[in-house]
Structures are given as structure tokens and as C-alpha cells.
Amino acid sequence: VTVDCSGYPKPACTAEYFPLCGSDNQTYSNKCAFCNAAVEKNVTLGHFGEC
């Protein structure tokens, strides 16, 4: 499972809650928050939902 993070990082993310669990075992609140981290820290998607 992958998430398309082209166009990231973004300076601001919305507050919508659609959790994704990163390979760093951290829960990200939505795709924007996840993709910002993915671009900066080379995190990949563990699974959809909370860790």
C-alpha cells in the first residue's frame, strides 16, 4: 500500500482526521501530515488507521 505524496511538503494541513500509521510507528492525523513527514524523514506507510 502506498500514498501518493507528490506535491509535498505543504506549509499547512487541514484538521480532518483520517489516520495513517507510519513505518516509524507514529500515527499521523491525515495524508497531509503523513506526507510532510514522509518527505522530511523518509517514512513509509505502515497501514491505514491508528498505529
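Using N, Cα and C of the backbone, Cβ positions are placed for all residues, glycine too.
Copied from Swiss-Prot, the annotated features are:
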- C5-C35: disulfide bond (DISULFID)
- C13-C32: disulfide bond (DISULFID)
- C21-C51: disulfide bond (DISULFID)
- 3-51: domain 'Kazal-like' (DOMAIN)
- N42: N-linked glycosylation site (CARBOHYD)
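Projection of Swiss-Prot feature records onto the structure.
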{"residue": "C5", "record": "disulfide bond", "contacts (Cβ under 8 Å, 6+ apart)": "F34, C35, A38, V39"}
{"residue": "C13", "record": "disulfide bond", "contacts (Cβ under 8 Å, 6+ apart)": "S29, N30, C32, A33, N36"}
{"residue": "C21", "record": "disulfide bond", "contacts (Cβ under 8 Å, 6+ apart)": "T27, Y28, L45, G46, H47, F48, G49, E50, C51"}
{"residue": "N42", "record": "N-linked glycosylation site", "contacts (Cβ under 8 Å, 6+ apart)": "none"}
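Counting every protein chain shown, the Cβ of C51 (disulfide bond) has 13 other Cβ atoms within 10 Å. When Cβ neighbours within 10 Å are tallied across all protein chains shown, the highest count among the disulfide-bonded residues C32, C35 belongs to C35. Taken as a whole, the domain 'Kazal-like' (3-51) shows an average pLDDT of 96 in this prediction. Secondary structure of the domain 'Kazal-like' (3-51) per DSSP (helix as H, G, I; strand as E, B; remaining residues coil): 11 helix, 9 strand, 29 coil.
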